[in-house]
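Colleague: Have a look at the structure that comes next, please.
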Ligand SMILES: *Cc1c(COP(=O)(O)O)cnc(C)c1O
């Protein structure tokens, strides 16, 4: 048989991690990597964080899963804590980002249905967006590489240009439910929404009775220096999809909503067998225990500033390779003048530095949020070493 047992949908590299220690990953032969990919913005506390590990171990021994047919003291506690620290009034727990996005889409459609406007079923989304791999989530992006061959896709999405407020507003019609947008696009290439763009979308929502739905699966949970990225825009969303860093590596996602936006999500409208299980809740609590401690976000901001300015200082030394730095907090992108995938492979294979490629030839730099100055220095040293000997391919 030529088909591998593990369905070959990922172009997996040679790194085969078996252990993690803080900001480092260790391979089968003991090779060490500085992990500035963090499971694609997931391992926000690094690997093997004692508080998170202990919380999971204790909860696994106490109670791992019960049905949502029963009361959930664990779910209520974490939901209340998220509500107390965000715009939201209510939370639905999922097991992944795509499921959180699905719940966000359903909540938005159901809001207009509950208001007697079922024709308002179309979300305006944006080019280069990434919302996950379910049929709903791939329908919400116009990136062909994710959609080809999976038709028929879900109707009810229209596509505008990211950061083009006029273009987005021009699509508003009687069928519009709202906007679905990443405040900082991750997979698309660390593209940061402008203040006027997000604020303009909010204003349009208020004027037309639409919902502002944010996908903060990647940019949320401390990544940009605040618990949610939209806090830095002075914009209040109606619905937010969260996941990735939310439980530090344990599978968990969440759909957050205001009371008004969630008005249609009544008994029987949504569900999940695993969603909000006690083990996931324990991991989510442990992440908030650490993240809400004094100084956590200050560290994200300080390390983000430090990393960014170090990258900016490095660029002129290699201006044949690098174009610019973009991003917020510890969600940074280094734009290359050639193929970013090949450079990511070079850093990984020859310099022990893990990064993630993204759209627009951007290298994503997404370290654990608990890094210190020494890790920033080590990353810059590895990146400079890598850049010094790197020869882009002629046809890149
Ligand atoms: C990763 C990601 C998703 C999908 O999350 P999964 O857990 O892989 O389903 C959705 N939206 C954004 C912005 C993401 O970065």
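Glycine too: its Cβ is placed from the backbone N, Cα and C atoms.
Features from TrEMBL:
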BINDING   97, 98, 130, 215, 216, 217, 218, 273  pyridoxal 5'-phosphate binding site
BINDING   133, 272  N(2)-acetyl-L-ornithine binding site
MOD_RES   244  N6-(pyridoxal phosphate)lysine
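So where do these features actually land, and what's packed around them?
Modeller: According to DSSP, residue 130 (pyridoxal 5'-phosphate binding site) sits in a coil region rather than a helix or strand. Sequence-distant neighbours of residue 130 (pyridoxal 5'-phosphate binding site): residues of the same chain at least 6 apart with a C-beta under 8 Å from its C-beta are 141, 143, 146, 182, 185, 186, 187, 188.
Long-range C-beta contacts of residue 272 (N(2)-acetyl-L-ornithine binding site), restricted to its own chain and to partners at least six residues apart, with a cutoff below 8 Å, comprise 68, 92, 93, 94, 95, 99.
Within the same chain, the residues at least 6 positions away from residue 244 (N6-(pyridoxal phosphate)lysine) whose Cβ sits under 8 Å from its Cβ are 40, 41, 42, 97, 217, 218, 220, 221, listed in sequence order.
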Colleague: Considering all pairs of residues in 97, 98, 130, 215, 216, 217, 218, 273, annotated in the record as contacting pyridoxal 5'-phosphate, what is the maximal C-alpha distance expressed in whole angstrom?
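Modeller: It comes out at 25 Å between the most distant Cα atoms.
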Colleague: Are there binding-site residues among 98, 215, 216, 273 that sit within 10 Å of residue 133 (N(2)-acetyl-L-ornithine binding site), Cα to Cα? If so, list them; otherwise say none.
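Modeller: The binding-site residues passing the 10 Å Cα test are 98.
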Colleague: Under 8 Å Cβ-Cβ from residue 273 (pyridoxal 5'-phosphate binding site), six or more apart in the same chain: what's there?
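Modeller: Spatial neighbours, sequence-distant, of residue 273 (pyridoxal 5'-phosphate binding site): 67, 68.
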Colleague: I'd like to know which of the binding-site residues listed (98, 130, 215, 217, 272) lie near ligand 1, counting only a CB under 6 Å away.
Modeller: 98, 130, 215, 217
Colleague: Based on Cβ atoms within 10 Å, give me the single least packed residue among the binding-site residues 215, 216.
Modeller: 216
Colleague: Counting other CB atoms within 10 A of each CB, which of the binding-site residues 98, 217 comes out lowest?
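Modeller: Comparing Cβ neighbour counts within 10 Å for the binding-site residues 98, 217 gives 98.
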